[in-house]
Amino acid sequence: KLRGAAAGAAQKFLHHGQGDDEEEEEEQPVLEQQQHAAAKENDIDTMKQHQLEEHQEKVVSTPDGKSYPYKLEGTPFPFDFTTWKAPGGDRYQEWKDGTTPYTFDATILQKSDDVARSRRFHIQKAMKFAYNSYEKYAMGHDEVLPQSKTAHDNWGGIGTTLVDSLDTLWLMDLKEEFWRGRDWVRDHLDHSLCRGSVSVFETTIRSLGGLLAAYDWSGDGAFLTHAADLGGRLFHAFDNPSGLPWGTIDLNHPENKGNIGWAGGAQIVAEMGTLQVEFRYLSKMLNGTHPEYATKSERVFEILKDMNPKFGLYPYFIRSRNDKPEFANRKLTFGAMADSVYEYMLKVWLQGGKVEPLYREMYDKAIQGMHDELLQTSTPSGLTFIADKNNDALDKKMDHLVCFMGGLLALGAYTDPLGLQSERAQRDLKTGKALTYTCYQMYARMPTGISAEFVQFHDGRDFDIGHGAPHYLLRPEAVESFFILSWLTKDPIYREWSWEVFCAIERYCKTDIAYGSLHTVQDIHGKPENKMESFFLAETLKYLYLAQDPDTEVDILNKHVFNTEAHPVRIFPVIDEALKKAKAA
């Protein structure tokens, strides 16, 4: 039944684009994608000039009239990354407090775009290198191990890296790899072969999100068919009298569901609050056959709202007693186990076309609470950071995971119902920029140019690497914010910081076949470990590439929303308009 509904919806859905050749095009929905029309009908040079003028209009009101002082230099090919050395920290202090210190005229903007185009090829090459090795050594498995050159199934054996990588391949124009991936999904992906229980959260954001984004961009019905199958299996996690989804489930025996053991039976607020973008999109694509996918996932936020936490901030453990949820701890954080619930407050509101005030109200209340209770400034450098709070006591620790907040705050500011020039939006934008500078320093101050898992702030010496946290897991959050701020503000500095991070990854994380985590970011002689998370291809390389891609079709203000695994899908008003035009054609 799900497969039939998915197939029917696939034929009716207006997608982003067509395949590379006639054989591929025959398997796509026949309707042309409307958002390409302008590019086809207008002269490309004229369109780019209009974009340049729009960019210039956005930045002429920056605080002072000083022109951008830094050199913008392209990167030749080939480029020897093995000789690259981290430039060091404490640079670019003009950006520390979250202001924009320079204006950018048309010449600077054009130069920044030209430099970016010279760099994006290197990032595309890195993606091709790592993904081709996955195909060679681990095709169809969850991960490739970058040192032993073997496969590893740690997410149930459902091709997680492949599915997680699909839209990255599409956006980087690696279409041969994309269509090979599509063939594997169509011919071999079988969720009934999934082994054991899986994380509802991780499987939703990585696998379901990956399938949905691949469908949204390509229009190929195979992706929606398998997304419908996976979504139907995962949805049993919502069968809970409390209304809050279970944390784990066996995809083939849905009666076997529960919560993660190390959480003491509690549910994790980030996990329950980071399923909505995916299940709402799936519900919409299934043409009205499964409205409960949307309503039950949305119900989670209604329950969270009714819990009425102090400052709008949620302790990350929730336990249900007699089917009534209650907080199971008193720790507040924008890091692990709470982070993405705040992200989806904003993104679900954006996904629906900004017409569901509940989500935006929850977001704005939480951001006010963050400013009032958690936002701190270091000494002596005055770096902005978001602390944790446990039992009303501040812990001046910040996870690398928190670095997504710079971009989120900027996105929230640019979409603020009060307007970008409102006091609230300007406050949030300034905080987002200042926080992103701190995250850049978390990289730049390390000998390798790579950030640790978290840092601890101390009076008088800014921050040190947190105890037990010298490692780097190829995480994306800082470069996510670099991309978002680059896209929104057009400030060239975020491309520069993003490029530094890519150079550091190439220098210190590359193996013979792929990329691996680092054990100690302070050790310039260390070797990459035998681990490459699927999110490195799904998120980190994607954001690094998009930051250097002035020609991308991604539009985070008007067309797309990214799930927390960096899978972009179109927002509902754009989909509705496309379907309306398709029916009228």
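Each Cβ is built from the backbone N, Cα and C atoms, and glycine gets one as well.
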According to TrEMBL, the disulfide-paired cysteine of CYS439 among CYS403, CYS503: CYS403
Matching range for TrEMBL feature annotation, region 'Disordered', among 1-45, 46-90: 1-45
Candidates GLU202, GLU453, GLU477 (active-site residues) - the one closest to CYS403 (disulfide bond) by CA: GLU477
Cα proximity to GLU453 (active site, proton donor), best match among recorded positions GLU202, ASP339, THR564: ASP339
Protein Cβ atoms within 10 Å of ASP339 (active site), excluding its own: 24
